[in-house]
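Here's what TrEMBL has on this protein:
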type	residues	note
DOMAIN	26-55	domain '4Fe-4S ferredoxin-type'
BINDING	C35, C38, C41, C45	[4Fe-4S] cluster 1 binding site
DOMAIN	56-87	domain '4Fe-4S ferredoxin-type'
BINDING	C67, C70, C73, C77	[4Fe-4S] cluster 2 binding site
DOMAIN	130-159	domain '4Fe-4S ferredoxin-type'
BINDING	C139, C142, C145, C149	[4Fe-4S] cluster 3 binding site
Amino acid sequence: MVDLSRRRLFTRKTASEDTLRLPWLNTPKFFTDLCTQCGECLKACETQIIVKGDGGFPQVDFTIDECTFCYQCADACPEPLFLSKQEAPWQAKASINEQCLAQRNVECRSCSEMCESVAIQFQLEVGRVAQPKLDTQLCNGCGACVSVCPTLSINVSNFVV
Ligand code: SF4
Ligand code: SF4
Ligand code: SF4
């Protein structure tokens, strides 16, 4: 166990607070105060998406694969960083930027095909190829749409832009 109040004195914030760290974090703002960088979550992740990010702290990288919400990172962590599995894993949502091929009038539906939550639907538009419509209510931030996008146009973050 780590003395939170003591560590906070010495810890410098090393990444912006919108960095998507791990699912089920109980206090994302204070993650870097409590995480010891032991690496147990990296070893436990079944899709191997947890990498050492800015400052050596773990964060998910959806360009590798998706989060299956298996909870193994939380189970492996020796620190009191995680909520119970019954809680929502995070508020993260996907957003699609202007690099999207469909928005540039090139036929592509790769993201939609990967989304089990049916959060991305394509709608026909006059004079253009079908356009992606993202329903943030349905999106659970799993990241499955990220690595399949040929132009890496999808970002998953805690703040929807
Ligand atoms: S919940 Fe599972 S897949 Fe998701 S980051 Fe944790 S270990 Fe990896
Ligand atoms: S297992 Fe916990 S303490 Fe260790 S690096 Fe992962 S989040 Fe940090
Ligand atoms: S992050 Fe997951 S749920 Fe959200 S749009 Fe992408 S594939 Fe669908």
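Each residue's number is its place along the chain shown, starting with 1.
Quick reminder: no glycine exception, Cβ is built from N, Cα and C everywhere.
Note: TrEMBL annotation is automatic and uncurated.
Considering only the binding-site residues C70, C139, C142, the residue whose Cα is spatially closest to the Cα of C35 ([4Fe-4S] cluster 1 binding site) is C70. If one looks beyond the domain '4Fe-4S ferredoxin-type' (56-87) by at least 6 residues along the same chain, the residues whose Cβ comes under 8 Å of a Cβ in the stretch are 1-2, 14-15, 19-27, 31-32, 34-50, 114, 140-144, 146-147, 152, 156. Using C67 ([4Fe-4S] cluster 2 binding site) as the reference Cα, a 10 A cut-off selects C45, C142 from the binding-site residues C45, C142, C149. Ranked by Cα separation from C149 ([4Fe-4S] cluster 3 binding site), the binding-site residues C38, C41, C45, C73, C77 are led by C45. With the fewest other C-beta atoms within 10 Å around its C-beta, C38 stands out among the binding-site residues C35, C38, C45. A Cβ distance below 6 Å to any atom of ligand 2 is met by none of the binding-site residues C45, C67, C139, C149. The separation of C139 ([4Fe-4S] cluster 3 binding site) from C41 ([4Fe-4S] cluster 1 binding site), Cα to Cα, is 24 Å.
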